[in-house]
Amino acid sequence: MDPEDSRILQDPCKHDDPALNKVQLISYIADLHTTFFVFFPIWFHLKRDVGIKLIWVGVVGDWLNLVLKWVLFGERPYWWVHETRFYGTDSAPALRQLPITCETGPGSPSGHAMGSAAVAYAMVTSLLSIAAQRTPPALLYWLLQMVLWMLLGLLELLVCMSRVYVAAHFPHQVICGVISGIIVAEIFSRQRWIYNASLQRYFNVTLFLTVFAVGFYVLLKAVGVDLLWTLEKAQKWCVDPAWVHMDTTPFASLMRNMGTLFGLGLGLHSPLYTESKKSTSAPFRMGSIVLSLALLQLLDFLTFPSDNHTMFYILSFVKSTVALLVPTILVPRGLSLFLQERKVEKAS
């Protein structure tokens, strides 16, 4: 691993603020937050099963990423370069830090690369499956395959470069993330039970993933492994303490993901969802998408103080649960009631 890769990528953009903004935008889009707050509402109202698959792929993939990070103990360039003896008497590379650099968890595998690869792979395979059902001409389908896979490859290349550029990851960590993400997505593309899972199963899976992660943490801590070592390094070497955010810690990620999965289960098995499924017109779907995206952006403005870690984790879980209830039941039901009232008014 060599932080020279980060420095080489950074040099051409030394005085190019628009380029810096683009790099940060790529990392932002690659975050699972975009999947939960943007991609899911769109897909859920266009093709329900694809939306459900995105949540399972994103949540389980990020949970696996958390466990792997605890096992692999990956360093991050922005702190490693200050502590390594690799350069001996030579001066270490000077790496520029950005507001998104100071991640607080271990570095391997890259969560952004893994999550974006998993979600993008799931969307590409879903689009190809939908296209195949319409039996297009062989040449047209082949061209569609080429375009989608090339776009996926380009996207992941940009994500990997952005994560290395901001000195959050080494190259091998982003490559490992991409491979791991594709494996997770491929596994879930073969699972049919996720589309008809009961509320009890959602609860059981959420509980199992939470207990396993917490239990694994306690076990490692009991044998003398300090899993908070990365938080100390982030606080020590980040040039701006304000860039060290609680929401990048492993347990914050765990609670967000568990809230997301549980929220999906609650939404799909709510009586309100059963009622809202009766409205399937294209205008209704488009209206649901627009309203869901708007409300989720408003919800995203809701942040919590991180002084009390336990309360912060609980509120993160609740917020993520609500974020899934908005597009699954609250918006469709509210829009359905509004349209019914309009019909009654016109009839009278």
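Note: Cβ is positioned from N, Cα and C throughout, glycine not excepted.
Worth saying up front: this structure is predicted, and the values here are computed from it rather than measured.
Marked as active site, proton donor by TrEMBL: His112. In the structure as shown, the Cβ atom of His112 (active site, proton donor) sits within 10 Å of 28 other Cβ atoms. DSSP assigns His112 (active site, proton donor) to a helical segment in the three-state reduction.
Neighbour list (His169 (active site, nucleophile), Cβ cut-off 8 Å, at least 6 residues apart, same chain): Arg76, Pro77, Gly107, Ser108, Ser110, Ala113, Arg163, Gly177. Here TrEMBL flags His169 as active site, nucleophile.
Look at TrEMBL and you will find Arg76, Arg163 tagged as substrate binding site.
Taken from TrEMBL, the feature domain 'Phosphatidic acid phosphatase type 2/haloperoxidase' applies to 50-189. Per-residue confidence over the domain 'Phosphatidic acid phosphatase type 2/haloperoxidase' (50-189) averages 93 (mean pLDDT, predicted model).
Under the heading transmembrane segment, TrEMBL lists 25-46 (among others).
According to TrEMBL, the feature transmembrane segment maps to 53-73 (among others).
For 113-132 (among others), the entry in TrEMBL reads transmembrane segment. For the transmembrane segment (113-132), the list of distant contacts is 29-32, 35, 39, 43, 47, 50, 53-54, 57-58, 61-62, 65, 141, 144-145, 148-149, 151-152, 155-156, 159-160, 163, 169, 173-182, 184-186, 188-189: same-chain residues at least six beyond its ends, Cβ to Cβ under 8 Å.
Annotation comment: TrEMBL describes 139-164 (among others) as transmembrane segment.
Non-local neighbours of the transmembrane segment (170-189) in the same chain are 1-3, 5, 53, 56-57, 60-61, 64-65, 68, 74-75, 77, 107-119, 121-122, 125, 156, 159-160, 163-164; each lies 6+ residues outside the stretch with a CB under 8 Å from one of its CB atoms. The transmembrane segment annotation in TrEMBL covers 170-189 (among others).
Long-range contacts of the transmembrane segment (201-220) within the same chain, counting only residues at least 6 positions beyond its ends with a Cβ under 8 Å from a Cβ of the stretch, are 59-60, 63, 66-67, 70, 193, 227, 254, 257-258, 261-262, 264-266, 268-269. Summarising the annotation, TrEMBL assigns transmembrane segment to 201-220 (among others).
Summarising the annotation, TrEMBL assigns transmembrane segment to 310-332 (among others). Sequence-remote contacts of a segment are chain residues at least 6 beyond its ends whose Cβ falls under 8 Å from one of its Cβ atoms, and for the transmembrane segment (310-332) they are 36-37, 40-41, 44-45, 55, 246-247, 251-252, 255-260, 262-264, 266-268, 270, 272-273, 276, 279, 284, 288, 291-292, 295-296, 299, 302, 304.
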At a C-beta cut-off of under 8 Å, are there same-chain residues at least 6 beyond the transmembrane segment (53-73) that contact it? List them, or none.
32, 35-36, 39-40, 43, 105-109, 111, 114-115, 118-119, 122-123, 126, 177, 180-181, 184-185, 188-189, 191, 194-195, 209, 212-213, 216-217, 220, 227, 250, 253-254, 257-258, 260-261, 264, 324
Using a 10 Å radius around each Cβ and all protein chains in view, which of these binding-site residues has the most neighbours: Arg76, Arg163?
Arg163
Would you identify the secondary structure of Arg76 (substrate binding site) according to DSSP, in three states?
coil
Residue counts (helix, strand, coil, in that order) that DSSP gives for the domain 'Phosphatidic acid phosphatase type 2/haloperoxidase' (50-189):
100 helix, 0 strand, 40 coil
